[in-house]
């Protein structure tokens, strides 16, 4: 509790009480009663606060205070009251006439608590210590089980994380699981096919050709867009020979080819074929010396899906894109240089329109 306001207004004494102060307080309360404790110091002529006078009277100067040690009956009563009220010492003291709360608290902490422990009784719960320890031992396994269950709940996520790490750390080469052909880019810019017969065992059975009901496309489709890029007006460009710009609308041709050996790739530097399990990798030559190939032929990259192939006699599917550059080659000196004023705006407008037409025609054709 905080001090009364009178303690801050004037200088009051603190500490031990002198015999003269005890006599003044005892005489005043005996003759007039204590009344309001805040007014007692002024009426008794003491330089003390009201709280100090009250505590001095209750704990030391009361005529009904019992002096001496506590009897065994009082100790047993204190134990019974503590089991019901706990550490409420003032309420316990009200049940023991002539005893103060301070005396009871000191007796509890000094002697009664030790006696209860020697008897095997917990001073806090007033139960046998064996029961309290067994109860605490039962709580420990439950907490450990909760921790284990929490770890068990976390284990699937960790295992899923390990599974994700297993797949994420693998190289993203789908050719090991599907019928994609691998390409070896040599120094002469030739492309050769390297197949591995051991990859057939890694393909799931649902993706095997025998289990497929039908082929996605029964006949091969060859999409051949022909695009003519406009030349620039710069005289130093090898593609720009004049002020004319010739554009060819995209021409999408759909044709079927019933012969594997008559396609476009037989006369150039591409040796592409559907992976055949009967042919081993030793029959395919990895390195070939090819003739000069046009730049537009390097863009012809067929994309095979092994799961859509029904048998060895099914026809290949490839997309053939050719880009024709129509320009006057008489003044070719520098490739792909653009005019700063007219070339960029004209070509960008033409290309955007041309690409829109290509997208529309390609969507309608497929």
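Including glycine, each Cβ sits where the backbone N, Cα and C put it.
The average per-residue pLDDT of the prediction over the domain 'HTH myb-type 1' (9-61) is 91, rounded to a whole number. Marked as domain 'HTH myb-type 1' by Swiss-Prot on the basis of sequence analysis: 9-61.
Sequence annotations record features per position, and here Swiss-Prot assigns DNA-binding region to 37-61 (among others) based on sequence analysis.
Residues or ranges marked as DNA-binding region by Swiss-Prot on the basis of sequence analysis: 89-112 (among others). Through the fold, the DNA-binding region (89-112) approaches residues 58-59, 64-66, 70, 74-75, 77-79, 81-82, 123 of its own chain, all at least 6 residues removed from its boundaries and within a Cβ separation under 8 Å.
The region 'Disordered' feature in Swiss-Prot is assigned to 115-164.
Residues or ranges marked as compositional bias 'Basic and acidic residues' in Swiss-Prot: 124-141.
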